Amino acid sequence: MHLHFTPRQIVEKLDQYIIGQKDAKKAVAVALRNRYRRSKLAENLRDEIAPKNILMIGPTGVGKTEVARRMAKLVGAPFIKVEATKFTEVGYVGRDVESMVRDLVETSVRIVKEEMVVKVQDKAEEQANQRLVEILVPSPEKQSGFKNPLEMLFGGAQNSNQTTDSQEDVEIEKKRQDVERKLAAGLLEDEIVSIEVTEQQSSMFDMLQGTGMEQMGMNFQDALGSFMPKKTKKRKLSVKEARKVLTNEEAQRLIDMDEVTQEAVYRAEQLGIIFIDEIDKIAGKQSNSVDVSREGVQRDILPIVEGSNVATKYGSVKTDYILFVAAGAFHMSKPSDLIPELQGRFPIRVELTKLSTDDFVKILIEPDNALIKQYIALLATEGIEIEFSDEAIRKIAEIAYQVNQDTDNIGARRLHTIMEKLLEDLSFEASEITLEKITITPQYVEEKLATIAKNKDVSQFIL
C-alpha cells in the first residue's frame with residue numbers, strides 16, 4: 001500500500017500517463033489522501049467518516065476510466081470497472097448489483113495472493129527443485145520393490161543385504177547431489193521429466209455466466225470441491241517448465257488462505273475502488289417502462305453506495321468505506337436525471353473537457369506509455385528505427401481532431417485508429433525492409449491519411 005502520497009505527488013504521478021484533466025486528477029488525489037488521513041484517526045471518529053464518492057462527467061475517450069485505474073494502481077488498491085447497463089433490477093434475469101462487490105473481493109484476493117506468492121517464492125522454488133531431484137533420482141524407498149512380510153517380521157536375510165543396501169544408498173546420494181548441482185547450474189533445463197499435476201477441472205457452471213446466478217454456481221462448486229478428491233494427471237515437460245508448475249503448486253501449499261482471505265476482505269472494505277461506467281445510461285425521466293426499469297437499477301445500486309453488507313464466498317463485506325467513482329457522457333441525459341438519493345451519494349462532481357489538437361500532440365509524445373513510443377519500440381524489434389518529425393506529429397493530431405469533429409467524437413481512442421492506418425503498410429512490410437532508419441514526415445502522413453480524412457463517408461468506416 002502506498003497511501004502516503006500527497007495530493008500533489010498523486011497528480012504528478014497521474015501526469016506521467018494522462019494529459020490534462022487537472023480537475024479530475026485533483027478530485028481523486030484528495031479522495032486518496034483522505035483515506036490516509038482517515039486511517040490516522042481514532043477508531044470512534046474513523047467509523048464516522050465515509051469516502052466522498054466522485055461523479056465524472058465527460059465524453060468518451062477523455063480519460064475518465066484511465067484516471068481511476070491509474071489511481072488504484074498507484075496505491076495498490078483493489079479496483080474494478082463495471083458498466084451500469086449490465087445490471088438489471090432484482091427479480092429480472094441478468095447480473096445483480098451486489099456482484100460488483102463480489103468481483104471487487106475476488107480482485108482483492110488475487111492481489112493479496114500474488115503478494116503472498118512473491119514472499120514464499122524462494123522457498124517454493126527450493127521445494128520444487130527437491131521434487132525434481134526426487135523425480136530424476138528416486139530415493140531408495142521408492143525404488144525398492146515388494147518386501148516379504150515374514151522377512152520384515154523376523155528379520156531374516158536382513159544382515160546379508162545390509163551391506164549391499166548401504167552401498168546403494170551411498171551411490172544414490174552421490175547421484176542426487178550431482179543432479180542438485182546440475183539443476184542449480186541450469187544444465188538440465190531441457191531434460192524431459194514426467195510429473196503429476198493437479199488437473200484443472202472445467203467448471204460446469206460456465207453456462208451461468210451473465211445470468212446473475214454465477215455466485216450460486218461458485219458456492220455450489222466450492223462445496224463440492226471441499227469433499228471431492230482432486231484429480232491428478234501426468235504431464236511430460238522440460239525441467240524448466242516442470243519447475244514453474246511445481247513451484248506454483250508448492251507456493252499454493254505454503255500460502256495460508258485464511259490469512260489471504262482476511263487481508264483481502266479488509267482491503268476490499270477499506271481501500272476498494274469501484275468504477276461505475278455509463279451511469280448516464282440508467283438515468284432518465286419516468287416516461288416509459290424502460291425508464292422505470294432503469295430507476296429500479298438505480299435503487300438497487302443505492303444501498304451498495306450508501307453502505308450495506310454483501311454476502312460473498314469469503315464472508316460478509318461492508319461497503320461503507322468503498323470509494324465509488326461513477327462516470328458518464330450525459331449526452332442524452334443530465335446528472336439531475338438520476339434519482340435524488342443517488343445524486344446525493346456522489347457529492348464531488350468533476351467535468352472533464354474535450355480534447356484539443358494540442359492535447360492530442362501531448363498524448364502522442366509525453367506520457368510514459370505514449371503511442372509514438374509504443375510503435376517505435378514495436379518496429380525496433382524488426383531492426384527498423386523510425387522517428388516522427390514534429391510537423392508529422394502535429395499533422396496526425398490535426399487529422400485525429402478533425403475526424404472526431406466530423407464523425408463520432410471518441411476522444412483519444414481515435415489516435416489508435418489513426419496510427420494503425422498510418423503505419424499499416426510499414427508494419428506489414430517491416431520484415432522485408434532493408435532500410436535501418438525511416439522518418440515519418442508530414443508528406444507521408446498526408447499521403448496515407450488525408451484523402452480518407454477528407455471524405456466523411458469513407459472516414460466514418462475506416463477511421
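Note that Cβ sites are derived from N, Cα and C of the backbone, with glycine treated the same way.
Note that the coordinates shown come from a computational prediction; the quantities given were computed from them, not determined experimentally.
Now, the feature entries from Swiss-Prot:
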- Ile19, Gly61, Val62, Gly63, Lys64, Thr65, Glu66, Asp277, Glu341, Arg413: ATP binding site (BINDING)
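Swiss-Prot feature annotations superimposed on the structure.
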residue : record           : contacts (Cβ under 8 Å, 6+ apart)
Ile19   : ATP binding site : Gly63, Leu355, Asp359, Lys362, Ile363, Glu366, Pro367
Val62   : ATP binding site : Gln21, Leu352, Thr353, Lys354, Leu355, Gly411, Ala412
Lys64   : ATP binding site : Ala24, Met56, Gly58, Asp277, Ala327, Leu352
Glu66   : ATP binding site : Tyr17, Ile18
Glu341  : ATP binding site : Arg299, Leu302
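Pairwise Cα distances among Ile19, Gly61, Val62, Gly63, Lys64, Thr65, Glu66, Asp277, Glu341, Arg413, which the record gives as the binders of ATP, peak at 34 Å.
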